[in-house]
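Database features, via Swiss-Prot:
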ACT_SITE  E90  active site, proton acceptor
ACT_SITE  C329  active site, S-methylcysteine intermediate
BINDING   C110, C114, C117  [4Fe-4S] cluster binding site
BINDING   G157, E158, S187, S210, L211, H212, N286  S-adenosyl-L-methionine binding site
DISULFID  C103-C329  disulfide bond
DOMAIN    96-324  domain 'Radical SAM core'
Amino acid sequence: MTTPLLGQSAEELRIWVESQGQPAYRAQQLHRWLYQRGVRSLMEITDWPKAWREQVHSVPVGRSQVVRQSAAADGTIKYLLAGADGETVETVGIPAAERLTVCVSSQVGCPMACRFCATGQSGFARNLGVHEIVDQVLTVQEGFGRRVSHVVFMGMGEPLLNLGAVVQALRVLNGDIGIGQRQITVSTVGVPGQIRRLGTYKLQITLAVSLHAPNQDLRLKLIPTAQHYPIEELLEDCRDYVETTNRRVSFEYTLLAGINDEPHHARELAAILRGFQSHVNLIPYNPIEGVEYERPGEARVRAFERELVRHKIAASVRHTRGLEEAAACGQLRRRSLSGEAQSASTRA
């Protein structure tokens, strides 16, 4: 199958256009139609000769199909997108007064199987291609009728298990769509060796590490794959990342009532992060059907935050968006084309 055009750089598009016997300026036209106008078929490119459009009409652009979308009261919109093979992912547009953020997925499902995450309970099918990642941003721009300003890789999947496609997508989002690297965040639960590998690209993105526990024993209960990546090794790799990129690391910490939200957990977390160039994002657990964890009360959440700050750790509580439409952090799922949620034992 021909590689989709979406996700290719300006130089790659020039090479393709010239390989078709066309002048280089046609690549500039193609670039504009792909990344500014969001074309879905080459037949739509009206400033190309009709004869050539007909000649290349079967070359895939790489746009996904919007199967359904649902809006929350706060303006958040969740999209269910289907790829060419029928596999689906969810992506979320999160509007604010002066910004529009897209929460993008990097895989169909997720193999990390975190106990408190809906995606982790829905099984894993495959990695997304560069075009499928970039398409999510274009879809949200089209849906909201405004430019996307921020991108967070916090949707379905573990980005560092699809690092090649993610890095190429980052370059397209930055260089071809015009989103600043510092407005892009990549979240990871941690994959041995991959944080250091990401650091070698010297990108100015924000790395967000899903920690969720202050010690290895508790983290292993919440994140089964932590058995391959001791928390001490994870933190050492994060320190290396800070030194290599001169960018601080954000640590994500989902607060689960009675599990990891006690004052002693906050003190233990402060101890392991002391001296770290970092920030802690506290995320009150967003309920998932069939999972026994509970969301702590507001007072408990604020007490945890105060304890971290008291120990000189920069911390803040993330405001939940899209909760009633299951579009909040940890709530995205693999689904069938009908919108039915998938589990690890079912296939779309």
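Going from the start of the chain as shown, residues are counted 1 onward.
Cβ atoms are placed via backbone N, Cα and C, with glycine included.
Swiss-Prot feature annotations superimposed on the structure.
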residue : record                               : Cβ contacts under 8 Å, 6 or more apart
C110    : [4Fe-4S] cluster binding site        : C117, T119, G120, S122, F124, M156, G157, E158
C114    : [4Fe-4S] cluster binding site        : G120, V189, S210, H212, L222, I223, P224
L211    : S-adenosyl-L-methionine binding site : R219, I231, L234, F251, E252, Y253, L269
**Item:** Confidence summary (mean pLDDT) of the domain 'Radical SAM core' (96-324)
**Value:** 94
**Fill in**
N286 (S-adenosyl-L-methionine binding site) to C103 (disulfide bond), Cα to Cα, whole Å, comes out at 16
**Asked** Within 10 Å of the Cβ of N286 (S-adenosyl-L-methionine binding site), how many other Cβ atoms are there?
**Response** 20
**Prompt:** So which one is it: of the binding-site residues S187, S210, which has the fewest other Cβ atoms within 10 Å?
**Reply:** S187
**Asked** At the level of the C-alpha atoms, what whole-angstrom distance separates E90 (active site, proton acceptor) and C103 (disulfide bond)?
**Response** 9
**Asked** Hey, how far is S187 (S-adenosyl-L-methionine binding site) from C103 (disulfide bond), Cα to Cα, in Å?
**Response** 11
**Asked** Taking G157, E158, S187, S210, L211, H212, N286 as the record's S-adenosyl-L-methionine-binding set, what's the max Cα pairwise distance in Å, rounded to a whole number?
**Response** 19
